[in-house]
Amino acid sequence: MLESLTLHPIALINGTVNLPGSKSVSNRALLLAALAEGTTQLNNLLDSDDIRHMLNALQALGVKYRLSADRTRCEVDGLGGKLVAEQPLELFLGNAGTAMRPLAAALCLGKNDIVLTGEPRMKERPIGHLVDALRQGGAQIDYLEQENYPPLRIRGGFRGGKLTVDGSVSSQFLTALLMTAPLAEQDTEIQIQGELVSKPYIDITLHLMKAFGVDVVHENYQIFHIKGGQTYRSPGIYLVEGDASSASYFLAAAAIKGGTVRVTGIGKQSVQGDTKFADVLEKMGAKISWGDDYIECSRGELQGIDMDMNHIPDAAMTIATTALFADGPTVIRNIYNWRVKETDRLSAMATELRKVGAEVEEGQDYIRVVPPAQLIAAEIGTYNDHRMAMCFSLVALSDTPVTILDPKCTAKTFPDYFEQLARLSQIA
């Protein structure tokens with residue numbers, strides 16, 4: 001595979017993209033299908049590194065599943081209860097937060113002796129707030145290296161009860177607790193401390209739990225009530241919707257250099273908050289239309305904006321590079337959690353935007369981008385972060401080529417991203 005990829009200037013973007021399945025939905029659905037009673041067929045499952053890490057972990061834990069040849073359909077035989085390993089295990093989860101956090105919680109239900117570990121970057125991604133909450137519910141968890149970070153040793157013991165969890169760093173901690181709580185012996189009450197970030201991702205979790213037969217009552221996202229002693233039930237067939245974060249690159253490309261691009265697999269009915277990205281493009285001046293299972297974007301005269309994007313942290317990255325093509329500065333606010341993702345995305349984004357000529361102010365939890373009159377050809381570092389690679393592909397929508405280092409890092413969520421982009425592109 002190429003160590004670098006040079007994208008030549010693109011004159012026009014036009015066409016339709018059938019989106020790969022959502023990463024957030026795929027890994028949640030796999031775990032719930034494994035815990036549920038009955039067999040679940042998951043359709044449009046994402047085939048990517050993060051999903052493979054979840055599948056490998058479930059297999060090691062005794063879950064049986066059958067994958068179609070293209071790995072997008074998966075039949076999972078549910079265990080009808082807890083994940084329990086017969087012997088001590090070590091599970092390697094790469095850099096998949098959507099596997100590490102929910103599994104860390106789910107494995108606390110049984111009596112286990114399991115080590116969860118991953119790539120070096122995973123060991124820099126905080127998990128202390130989740131561990132604190134699980135311990136309040138009786139779980140025995142040890143840090144094997146640095147306090148508050150993986151790798152973890154999990155011995156089980158979670159019973160439920162009254163928990164508090166800090167909501168200000170990652171919504172995945174709450175997601176992990178919510179998915180685990182119905183299988184605990186006792187009822188669980190989860191109180192959120194601080195501002196709950198990425199709230200729409202909690203809606204994805206609640207939607208999936210409901211699909212598997214479990215309802216959660218919450219008081220304005222501040223207190224969540226979950227009955228204990230429940231069993232998830234397979235819905236039979238579950239369709240994974242397209243990945244809205246992945247859609248953002250194609251919609252932005254159309255806003256800059258359309259033509260018109262239609263992304264299918266998400267739309268008006270979508271459970272993913274990242275579909276709100278289309279509203280941001282519309283505010284900037286793009287033309288957007290919605291169907292039940294598609295979003296369409298056409299070019300418009302783009303203006304810079306100043307916006308709180310806490311609700312769409314992943315797609316907000318795409319706005320940072322779209323800003324290179326807008327008239328006037330763009331400010332993206334309330335995105336502190338960029339700093340604890342695949343890399344410190346605030347610092348990485350500021351560094352690479354400056355390389356292509358932008359004037360950038362990097363705050364603790366915001367970024368301000370002033371586009372240059374002319375973009376500069378540059379080699380873009382991707383920091384082993386799939387979204388950095390995809391965001392900076394948009395630079396090629398100018399008169400300037402761009403070189404993306406380590407383009408294969410997109411395998412985390414979208415292995416054939418560059419092929420899909422090329423298919424829609426007319427080269428200048």
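Glycine is no exception: its Cβ is also placed from the backbone N, Cα and C atoms.
Feature annotation from Swiss-Prot assigns phosphoenolpyruvate binding site to Lys23, Gly97, Arg125, Gln172, Arg345, Arg387, Lys412; the stated evidence is sequence analysis. Taken from Swiss-Prot, the feature 3-phosphoshikimate binding site covers Lys23, Ser24, Arg28, Ser170, Ser171, Gln172, Ser198, Asp314, Asn337, Lys341, and the record attributes it to sequence analysis. Residues annotated as active site, proton acceptor in Swiss-Prot: Asp314.
In this structure the residues listed as binding 3-phosphoshikimate are Lys23, Ser24, Arg28, Ser170, Ser171, Gln172, Ser198, Asp314, Asn337, Lys341; their two most distant Cα atoms lie 21 Å apart. Under the DSSP three-state reduction, Arg387 (phosphoenolpyruvate binding site) is assigned to helix. Among the recorded positions Ser198, Asp314, Asn337, the residue whose Cα lies closest in space to that of Lys23 (phosphoenolpyruvate binding site) is Asp314. Cβ neighbour count for Ser198 (3-phosphoshikimate binding site) (all protein chains, 10 Å cutoff from its Cβ): 23. The two recorded residues, Arg387 (phosphoenolpyruvate binding site) and Ser171 (3-phosphoshikimate binding site), show a Cα separation of 19 Å.
Cβ-based neighbour count (10 Å, all protein chains) for Ser171 (3-phosphoshikimate binding site) stands at 26. Listed binding-site residues: Arg345, Arg387, Lys412; maximum Cβ neighbour count within 10 Å falls on Arg387. Ser198 (3-phosphoshikimate binding site) falls outside any helix or strand according to DSSP and counts as coil. A gap of 14 Å separates the Cα atoms of Lys412 (phosphoenolpyruvate binding site) and the residue listed as 'active site, proton acceptor'. A distance of 19 Å separates the Cα atom of Arg28 (3-phosphoshikimate binding site) from that of Arg125 (phosphoenolpyruvate binding site). In three-state terms derived from DSSP, Asn337 (3-phosphoshikimate binding site) belongs to a helical segment. Distance noted between the C-alpha atoms of Gly97 (phosphoenolpyruvate binding site) and Ser171 (3-phosphoshikimate binding site) is 11 Å.
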